[in-house]
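Asker: One structure follows; several queries about it will come next.
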Amino acid sequence: MKILASVMENVIKRNPNEPEFHQAVKEVLESIEPVAEKKPEWVAAGIFDRIVEPERQIFFRVPWVDDNGKVHVNRGFRIQFNSAIGPYKGGLRLHPSVNASILKFLGFEQIFKNSLTGLPIGGGKGGSDFDPKGKSDGEVMRFCQSFMTELQRHIGENTDVPAGDIGTGAREIGFMYGQYKRLRNDFTGVLTGKGLTWGGSLARTEATGYGLCYFMDEALKAKGKSFKGTTVVVSGSGNVAIYATEKVHQLGGKVVALSDSNGYIYDPDGIKLDTVKKLKEVERKRISEYVKFHPNAKYTEGCAGIWSIKCDIALPSATQNEIDENSAKTLVANGCYAVGEGANMPSTPEAVDVFLKNKIIYGPAKAANAGGVATSALEMCQNSMRYSWTFEEVDAKLKNIMINIYKAASAAAKEYGDEDNLVMGANIAGFLKVADAMYAHGIAY
Ligand code: NDP
Ligand code: 2IT
């Protein structure tokens, strides 16, 4: 980096001890350096300095009472990162690891991802260090109500529209929506991922996993390959992992492994998704229980070992930095030729280098997992119209969006001289639209 080196230095200085945020910014700045060279007027207008600084960051106290009457205090966050092309849009993560660094990395990524969808949505992210795991429904409800009591001041259907992410699924969105409606007396599309009886969109539940496969299918097709007959490893066993697995099976591949934060299962016969859905979506149990129902399957404690399973295609769909350099090398050595990121930033920078050097068909997160937020934008669209599309209609739009994202990323990679580098292509294609809008708005933010 030459022109943008000082931007990176300032990010590090201004946001000390935020390694995930630095990691996400560095990757984007490295990719868009050639744009800075071509666009001195954007440099002069401070576009690059401004885009790395959130427009607004909201941190707040979230007190709640557990079933034994004990008071707990969590921290709530909403990072309103960029509204140049639409209202802030992005999920809410509920996980004990949540902090400003993680939410700023996620909010920053979301700007470019949302731009790539082609739909009018800005970038944001939020959440809390609250851990829904092991809590009763009543405790989760009281937390969500307390969280929304503050968050509602800052969001709105034309301002900021949160959704789910790790730890925030249909149950949590329901509790939050109920509280928003009660406080504001307003039935509006302020959250996405809503239930189907109260404004949710068909296919939103499936969208991230399905979209990931539509994207990868297109990338594979460009190299004369497909999912048919492939062996696939998917990490995680949450929303993204489950519906990625479902679509891989529909496309003729076989998923042989899934994980959670405790360990992974390997089923050489192919994962039986009905069992996983029952365990994870209904009973909220651990993935280890799977082997009780399928004795041919094996459970291994610790989740990193999943990448040592031989596969053609890997779809990391759990969390950030889950594939390090060694895991990436192991995947490549075992013959893996395609990696599609369902999770946000699941590969460390060193792992990404291994994939690019070895010419792996590599679908970076902000392109490959954009189907979730794209379908959220379709949910907003349906809410505005007070109308709903059929599953088939939403699914067809989703597929089309994912194909277009692949085309936009690969065209930008080609134009900027590094064909097949979808990291660079996705970063540039996502950035151009946002930068153009920011430039048009003057020094507004
Ligand atoms: P869920 O909460 O439904 O599932 C998360 C899964 O990942 C669980 O199996 C969880 O295991 C595992 N996991 C979470 N944290 C860790 C960790 N620190 N180490 C190992 N495993 C972990 O979340 P989603 O499926 O929605 O999200 C998965 C990823 O996809 C995230 O990176 C998210 O940001 C990204 N994403 C999600 C979208 C969506 O629409 N939901 C859209 C685009 C991206 P355990 O149960 O043990 O915690
Ligand atoms: O990371 C993501 O894109 C999401 N968690 C989905 C966000 C959304 O607004 O649907």
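In case you wondered, yes, glycine gets a Cβ from its N, Cα and C as well.
Unlike curated entries, TrEMBL annotations are predicted automatically.
From a predicted model like this one, the values you see are computed outputs, not experimental measurements.
Pulled these features from TrEMBL for this protein:
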type     : residues                              : note
ACT_SITE : LYS125                                : active site, proton donor
BINDING  : LYS89, GLN110, LYS113, GLY164, SER376 : substrate binding site
BINDING  : THR208, ASN239                        : NAD(+) binding site
SITE     : ASP165                                : site 'Important for catalysis'
Asker: Whole-number answer please: how many Å between the C-alpha atoms of GLY164 (substrate binding site) and ASN239 (NAD(+) binding site)?
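Answerer: About 10 Å separate the Cα atoms of these two residues.
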Asker: Could you round the CA separation between ASN239 (NAD(+) binding site) and GLN110 (substrate binding site) to a whole angstrom and send it over?
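Answerer: Each residue's Cα considered, ASN239 (NAD(+) binding site) and GLN110 (substrate binding site) end up 18 Å apart.
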Asker: Find the shortest Cα-Cα separation between THR208 (NAD(+) binding site) and the recorded positions LYS89, LYS113, LYS125, SER376, and name the residue that gives it.
Answerer: SER376
Asker: Long-range same-chain neighbours of SER376 (substrate binding site), Cβ under 8 Å, sequence gap at least 6?
Answerer: LYS89, ILE121, VAL161, ALA163, THR192, GLY193, SER201, ARG204, ALA207
Asker: Given the substrate site residues LYS89, GLN110, LYS113, GLY164, SER376, which other residues of that chain have a Cβ within 8 Å of the mean position of their Cβ atoms, reported in sequence order?
Answerer: GLY90, GLY91, ASN114, ILE121, GLY124, LYS125, ALA163, THR192, GLY372, VAL373
Asker: Using a 6 Å cut-off on Cβ distance, which of the recorded positions GLN110, GLY164, ASP165, THR208 come close to any atom of ligand 1?
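Answerer: Result: GLY164, ASP165, THR208.
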Asker: Of the recorded positions LYS125, THR208, ASN239, which ones put their CB under 6 Å from ligand 2?
Answerer: none
Asker: What's the CA to CA span in angstrom from GLN110 (substrate binding site) over to ASP165 (site 'Important for catalysis')?
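Answerer: Their Cα atoms are separated by 12 Å.
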